[in-house]
Structures are given as C-alpha cells and as structure tokens.
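Below is one structure, written out as structure tokens; comments come after it.
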C-alpha cells in the first residue's frame, strides 16, 4: 500500500504492508511483515537447482506493459499506463531497466539476482566435489579390501620354491642378465665362449652367489634338520641347532605344522612390502 489512493490489500488477509516514500524504516517494516508470512511455508533445501528454478519462475511472472513508444517490464498488478504509480487497486515492481526492449538499450544488473546466481554456482561446485569425494572413498574401500585379501593369501600360502631351493633362486637371478658384461658385473659367470648376449648367465659355484631374501649361514636351520617330521608343538620347538636371526628356535609351530622359522621371516617381509605399497597408494 502507498498513501490513501493505493490502499488495496493485494496480499489479502491484511498482509499487504504500507510503505512511506524515501523512508528506509518503512521499507524494512514492510519486508518484516511479508517475511513473517513466508516463514509459515515448509522450508526447502537450498540447492543450485532450487535457486535457478525460483529465478526462472520469477522471470516468467514479468510481463510487458505499454506501447511501442513507452514500454515497461513489470511484476504484479499495474494500471492503464506503463508506469508503476500510486494508482488504486495496483501493486507492481518495475523491472524495465534490467529488461531491454531495443538494440540500443543496455540492461542493468540486479544486485540480489547476481548474488543468487553466485550462490548457485558455489553450490554446484560443492555438489561436484561431493561426487568426487564419494568416488574416491569407494576406490579406497576397494583397494583396502584388495590389500587385505593379498595379505591373507600371503600368510596362508607356502613359500615359493626359490625360497626352499637357493640354487633355483640363484639361477632366477642370473636369468635377468642377458649380456656378458652385466652378468659378470653382478657376480655371475658367462657360460659361453662365443656369444656375448643371450641366456648364458649362470650362478658361480660356491658361496659367491646368494639369492636375495634367502636365509643362509647362522640365520638358517642346520643342514639335515627336518622340521616337518615333528608333529607336536613341543617337539617342533625343541629341535636343536642355530635358529634364524630374530627367531628363538630352529623350527616353529606355524599354522598347526612344524616348519622352518625362516618361512615366517619371508612371509613377514612380503607382508611389509604389501603394506608399504598400500600406504603409498593412499598418499
């Protein structure tokens, strides 16, 4: 409402506020009156889509008024002219400056509308980040499950034949080198007098060539010790000899069987490798 002429209760139920020209307090009081009514509606979750849909709905409510010489874009109820004036039974807002009618017109931005669009943009970015976070968490759960499966398998499976037979491991290491120079530089011997490349790299005889990860010397069970022949934990742990480094006994009761204690060392080493790889994957 505005003055004695424009006094129609367009909002009905007495909710239409009365404005006083050039009076900021009057405008604030009018807003508070309308806001009290708006708060009675069920709240909606603020999303980018909601903001954009409300903005589009508001634009859809704007309508042109006037003729070719005098045009206006208004919201609400307007009188017989193109101007939102103090006219009985009217209540409108003029959006003409933000809605050009001619090629020469330059539209003005609406401050609150700009802020709403920026808010919608920030909400969109937040939604996109949430989707990426969800995918990342799913990937981490997958790899964690896979790592647990690998660790479990390493703990249950028997050691590779190369761990049981050092000679096999030595030959496997030599197979890496396919040139005469690389072979001899890595303490192996080149078993060919005519060829300089190929599969001619062989382990040297004696103690010069050792397999990586193979427990030897004071760290291994003495030759002739047969851990698997013992069927009780007590007999297994009582086998005489020099135990592997870091172990109290030559043989150990592992998975309800008597085994060489060095087997557990090899598995622990493999487990540490898998764990380190998984940590590297996470970071």
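Note that Cβ sites are derived from N, Cα and C of the backbone, with glycine treated the same way.
Feature annotations, reproduced from TrEMBL:
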- 4-140: domain 'Trypanosome variant surface glycoprotein B-type N-terminal' (DOMAIN)
- 174-282: domain 'Trypanosome variant surface glycoprotein C-terminal' (DOMAIN)
- 184-223: region 'Disordered' (REGION)
- 186-198: compositional bias 'Basic and acidic residues' (COMPBIAS)
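Applying DSSP to the compositional bias 'Basic and acidic residues' (186-198) sorts its residues as follows: 0 helix, 4 strand, 9 coil. Shown for the domain 'Trypanosome variant surface glycoprotein B-type N-terminal' (4-140): DSSP residue counts in helix, strand and coil, namely 62 helix, 16 strand, 59 coil.
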